[in-house]
Amino acid sequence: MQSDPMTLTLFAPLFGAILAFLFPRAARALGLVAVLVTGGAVVWLARAVLAEGAVTLALGGWAPPLGISLRADGLSVAMLAMTAAVGLLVSLGALDALRDARQTRYFWPLWLLLLTGMNGVYLSTDIFNLYVMIEVIALAAVGLTVLSGTRAALRAGLEYMYASILGALLFLMGVGFVYLQLGRLDFAGLITAEPSGALSAALALMVVGLALKTALFPLHFWLPAAHANATAPASALLSGLVVKAALYIFLRLTTYMPLPDEVLVTLIGTLGAGAVIWGGIQALRAERLKLLVAWSTVVQIGLIFIAFARAGQVGLTESWKAAALLILAHGVAKAAMFLAAGRIKDEVGHDTIRELDKSAIRPTLAQFTFALAAISLIGLPPSLGFIGKWSLMEGAMAAGYWHWVGVTMIGTLLSVAYFSRVLAGFLRFDRVRAPLGEHQGWALADVAPLTLAVSAIGLGLLAAPILSFIELGYPFGAMP
Amino acid sequence: MIDPYVILDLLLGLAVVALAAAVLTVRDLFAAIVLFIVFGLLSALAWVRLAAPDVALAEAAIGTGLTGALLLKTLHHLRYVTGSLDRQAALSVTPVQPVPMAVIWVNAAFCGLVTLGLAAAFLGAPRNGPGFDALVAEAMPASGVEHPVTAVLLNFRAYDTLMEVVVLLAAVIAVWQIERGLSEAPAPALGEVWAGFARLVLPAIVVIGTYLLWVGAEAPGGAFQGGAVLAAVGLLLLLSRLYVPRPAHRGVARLGFVLGTGAFAAVALLVAGGGRVAFEYPLEHAKTLILLIEGVVTISIAITLAALFHGREPVALSASETRHDA
């Protein structure tokens, strides 16, 4: 049997999901092994891409446009690596966070199917294949959303499913228009295409569909409830990883389709600005910790779209890198933050922000993790979030688009304000007197989120190699 | 003299649009479902007229038959939950707060503009533009099957099809993991006619489903259509209570759900080697492998769709429910 890292990246989680579903008692062990094998495959793939640039594999021996080929370049591998690393740590966190037998039984198959779908998106070069992959992601993600089994989670999951399926249908309609115009569905066909009415319609439909899936303001209505009511590991996966798949497709499409014009780029940036401000205000008003973290996701998604639009249409050749950095930074930091928030809720017994300083139990390590993740999300140096925000503002300043700098500054101030609400609660030790021993509230389960949060800060020091890696084999607007 | 088919097409198009409008406006849920089923049947006819018999079969079997059954089952459950099971009155949806007319008009104007824009883009696109037809025709001899749709689905773009089966697997896992906290609605009372009907129709369904699967290699049909028809067997067994899912059956059911995905993925991987990549069937075995995959996937689809109709993981009944059952 001939082995290939890309095939392994897809099939390891798929077989893992099948086995974990067949043998529920061994789901944890099988799931962890599958995630580890997937991680190994991604490392193998990364080495191949480092050595020879982008790698391609025509599945079934049928070359596009008739067949489908898998392709990995620097950006794909960066997304795969982020997914595998965050996924592994969240899996470790889930070992402790999921105590309920039913939740454990279903978490692993759903999460591994989700991983299959996301890896499929990052390796895809065909827009119909992308549609199928986002459907895999959507169903697995909805399953994870309602895993907690509460009424609020079910309601939020239903809303999420409606939004997600509507988004996928819009995307599919766009795919139809592309086929109508070009008669093919692969990326190479998109790059060589001449601009036309049908392709503009296709791009509009697909962008709206993806905006719905990634929760770009004002289509974010489903996200806060869905992410806030899921169990902690599910929230970490949904917020850290799932919304990134649609963002990634957005980045690919806008670079491969006939270039979007200035008005569209400005519109996308404006919606991003709306997300930053509206999400910031809602995060300030949120009463529960997990809801605040979920609103912060809306803000960060907006920020990524501002990074995309930071220097207008001519700047797109560089802007995608700032957006990609912010995607990676948010993935790591938000997973850490949701896991930490889950730990705090587990230890304290609730996650009402106002009451956090009135508990005798102080999950100090989880609080510390939360603060580190907040540093990256606010964008303080030397975190990866800082590098992302910095390259956003640098590009905007160089192009003279000062309004994007202004919005980013306002967003940063808002994020300092809403995270301070939580951090201030953590720091007030004088409110409750209790015997010394009871202040402790940390466990082995804090290791996974802490590792993630430290990485979110530490990766900022590796920003230069990351930047040169994501450019491997990904020349803007052209297929090599 | 006008071509009679043009009149048929016009009537069909008008009827589909009118039925869609009726589904959206009618308040009685039962009427809405029935209209939806009729809408689906006419859509299937429209697909036939568009020379897409494969899509027509899928629309009739899955989009209309199975979806209709799912909707009716949901309605039954809704009636049970709201306590209107024994009443003749229609269960209808009334919005808590009526939507202001201004909002409706703004929405209508916006959607109308979008539709006009899409229509303009559609009309501006090339007629009979390029497509896969030429490529598919050229590659057919190397596909191992004679029906182009099957060649595309199970060979040229088998990866997409595998992932579509994965979507179905994800759906059934997601449904199974939802803890309802509500007991199941009692099965509807079935009259005398029922048993005779089932006796007549069950063997016919099995034959039709298997035929659809088998004929898929050279004519319209295939795993999804055959699976959906065979799922009807499961629906009849479940409805007639000839088969009652028990917690002990869960292992077999799980095996049934993953069988299609597992076998498909295993074949795709195992054919790789000796210079071949994943999904690259050796030509001399291509037809056998494709039929094997289709057969297994059909069984999985049938079991999965029937399980979706049942709608829950069969877990051990609590004491009160056991009493109720007995």
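Cβ atoms are placed via backbone N, Cα and C, with glycine included.
Quick caveat, the model's predicted, so the values are computed rather than measured.
Annotation comment: TrEMBL describes A:124-415 as domain 'NADH:quinone oxidoreductase/Mrp antiporter transmembrane'.
Summarising the annotation, TrEMBL assigns transmembrane segment to A:6-23 (among others).
Residues annotated as transmembrane segment in TrEMBL: A:30-63 (among others).
Under the heading transmembrane segment, TrEMBL lists A:75-95 (among others).
Within the same chain, residues 6, 9-10, 13-14, 16-18, 20-21, 27-28, 30-31, 34-35, 38, 68, 70-72, 76, 79-80, 83, 87, 91, 94, 98, 130, 132-134, 136-137, 139-141, 143-144, 147, 231, 233-234, 237, 241-242, 244-245, 248-249 sit at least 6 positions outside the transmembrane segment (A:107-124) and bring their C-beta atoms closer than 8 Å to a C-beta of that stretch. If you look up TrEMBL, you'll see A:107-124 (among others) marked as transmembrane segment.
Under the heading transmembrane segment, TrEMBL lists A:130-148 (among others). For the transmembrane segment (A:130-148), same-chain residues at least 6 beyond its ends with a Cβ under 8 Å from one of its own Cβ atoms are 103, 106-107, 110-111, 113-114, 116-118, 120-121, 124, 154, 156-157, 160-161, 164-165, 167-168, 171-172, 175, 213, 226, 229-231, 234, 237-238, 242, 245-246, 249.
If you look up TrEMBL, you'll see A:202-223 (among others) marked as transmembrane segment.
Taking Cβ pairs closer than 8 Å, the transmembrane segment (A:230-251) reaches residues 75, 79, 82-83, 86-87, 90-91, 93-94, 97-98, 103, 107, 111, 114, 117-118, 121-122, 130, 133-134, 137, 141, 144-148, 153, 156, 167, 206-207, 210-211, 213-215, 223, 290, 293-294, 297, 301, 304, 308, 320, 323-324, 327, 330-332, 334-336, 338-339, 341-343, 345-346 in its own chain, all 6 or more past its ends. The transmembrane segment annotation in TrEMBL covers A:230-251 (among others).
Annotated transmembrane segment per TrEMBL: A:263-284 (among others), in sequence order. Beyond the ends of the transmembrane segment (A:263-284), by six or more residues, the same chain brings 207, 211, 216-218, 220, 224, 292, 295-296, 298-299, 301-306, 308-310, 312-313, 316, 404, 407-408, 410-411, 414-415, 417-418, 421 to within a C-beta distance below 8 angstroms of the stretch.
Feature annotation from TrEMBL assigns transmembrane segment to A:291-311 (among others).
Taken from TrEMBL, the feature transmembrane segment applies to A:323-344 (among others). Beyond its flanks by at least six residues, the transmembrane segment (A:323-344) meets 75, 78-79, 82-83, 85-86, 89-90, 93, 97, 227, 231-233, 235-237, 239-241, 244, 247-248, 251, 289-290, 293, 296-297, 300, 303-305, 307-308, 351, 356, 363, 366-367, 369-370, 372-374, 376-377, 383-385, 387-389, 391-392, 443, 445-446, 448-450, 452-453, 455-456, 459, 463, 466-467, 470 of its own chain at Cβ-Cβ distances under 8 Å.
Under the heading transmembrane segment, TrEMBL lists A:365-384 (among others). For the transmembrane segment (A:365-384), same-chain residues at least 6 beyond its ends with a Cβ under 8 Å from one of its own Cβ atoms are 296, 300, 325, 328-330, 332-334, 336-337, 339-341, 343-344, 347, 390, 412, 415-416, 419, 422-423, 426, 441-442, 446, 449-450, 452-454, 456-457, 459-461, 463, 466.
Within the chain, the transmembrane segment (A:404-427) has long-range Cβ neighbours (under 8 A, six or more residues past its boundaries) at 269, 272-273, 276-277, 280-281, 283-284, 286, 289, 292, 295-296, 299, 302-303, 306, 309-310, 353-354, 356-357, 362, 367, 370-371, 374, 377-379, 389, 392-393, 396-397. The annotation transmembrane segment is assigned in TrEMBL to A:404-427 (among others).
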Stretch with greatest number of CB pairs under 8 Å, the transmembrane segment (A:30-63) reference, A:6-23, A:75-95, A:202-223 candidates: A:6-23
Remote residues contacting the transmembrane segment (A:75-95) - C-beta distance under 8 A, at least 6 residues beyond either end: 9, 28, 31-32, 35-36, 38-39, 42-43, 45-46, 49, 107, 111, 115, 118-119, 122-123, 232-233, 236-237, 240-241, 244, 248, 251, 324, 327-328, 331-332, 335, 339, 342, 445, 447-449, 451-452, 455, 466, 469-470, 472, 474
